[in-house]
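Feature annotation from Swiss-Prot assigns FAD binding site to 35, 43, 48, 90, 123, 285, 326.
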């Protein structure tokens with residue numbers, strides 16, 4: 001027996017996919033979300049749950065975990081018409097008798113339209129590249145931070161020079177016993193305001209240095225030797241916790257097999273977010289067009305447009321003029 005055919009299937013359960021699902025529910029659509037990870041929320045939930053986000057409209061500051069919780073709470077209003085499938089990777093899809101058949105790593109799904117909101121795809125941390133690094137990865141060497149409190153009273157060394165590295169250093173300043181930030185360049189790549197805060201903090205910065213060796217025992221790293229760039233100078237740092245903040249590599253490997261026009265790891269879209277195949281739309285970092293700004297807020301603005309276009313595609317003879325949410329929710 002064939003599974004139920006949904007109006008819209010959203011590939012990706014990150015912030016943009018969740019808001020698209022909410023808006024589709026608001027418009028009365030049945031929706032299925034297919035997410036490759038074991039939880040909803042995407043990178044903010046999985047990689048940066050305690051990192052503070054400052055560029056979400058109407059929220060001066062909130063963490064990745066808080067953003068995810070609010071989006072899921074918003075979505076729960078339409079639990080009766082929204083299905084969620086976790087730990088499923090979309091392998092391919094094809095159009096059969098006017099509807100889409102979506103093949104995942106676990107099952108087949110059926111949908112009248114598709115919105116791709118999978119961001120830049122699967123992600124994995126960039127490592128130090130040291131031989132014995134993975135010996136400590138399950139204990140006190142971290143590539144992302146799930147709880148700031150686990151570093152309370154500890155000597156923390158952070159490697160990296162971007163926004164995440166600087167943000168973690170500032171967040172741990174005063175909570176950890178000491179914070180040392182190691183970067184391979186003299187200049188940090190973080191936002192100017194954050195760099196100014198760093199200069200006025202108690203964080204020790206060591207630049208330009210690169211990691212050279214790790215020492216430890218019983219799976220716990222307790223020393224890291226760093227070397228100054230273009231120099232023989234070496235420093236050995238004693239530590240309790242090591243955070244590697246070199247960012248994450250991403251891959252949308254299956255995207256190339258979807259028979260859609262793409263550029264690098266994103267799908268080329270029209271001004272109305274339709275891909276090269278009618279009935280399939282892309283939003284968020286999964287969409288590529290000139291002038292796009294890679295912000296969550298950008299994707300939030302794209303979602304209603306894509307949903308409305310999907311509804312027009314599914315029900316071309318219906319009066320599809322969108323109305324304000326105040327008229328739809330009591």
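Note that Cβ sites are derived from N, Cα and C of the backbone, with glycine treated the same way.
The model shown is predicted, which means the values in this text are computed figures rather than measured ones.
Largest CA to CA distance in the FAD binding set (35, 43, 48, 90, 123, 285, 326): 38 Å, whole number. Sequence-distant neighbours of residue 285 (FAD binding site): residues of the same chain at least 6 apart with a C-beta under 8 Å from its C-beta are 16, 119, 120, 266, 294, 299. Take the CB of residue 35 (FAD binding site) and look out to 10 A: across all protein chains shown you find 25 other CB atoms. Neighbour list (residue 90 (FAD binding site), Cβ cut-off 8 Å, at least 6 residues apart, same chain): 11, 34, 36, 102, 103, 104, 118, 254. Taking a C-beta cut-off of under 8 Å and a sequence gap of six or more, residue 123 (FAD binding site) has these contacts in its own chain: 43, 47, 248, 249, 250, 251. In sequence order, 63, 64, 144, 145, 164 are the residues of the chain that are 6 or more apart from residue 48 (FAD binding site) and have a CB within less than 8 Å of its CB. Cβ neighbour count for residue 43 (FAD binding site): 20 (other Cβ atoms within 10 Å of its Cβ, all protein chains included). Neighbour density for residue 326 (FAD binding site): within 10 A of its CB lie 7 other CB atoms from the protein chains shown.
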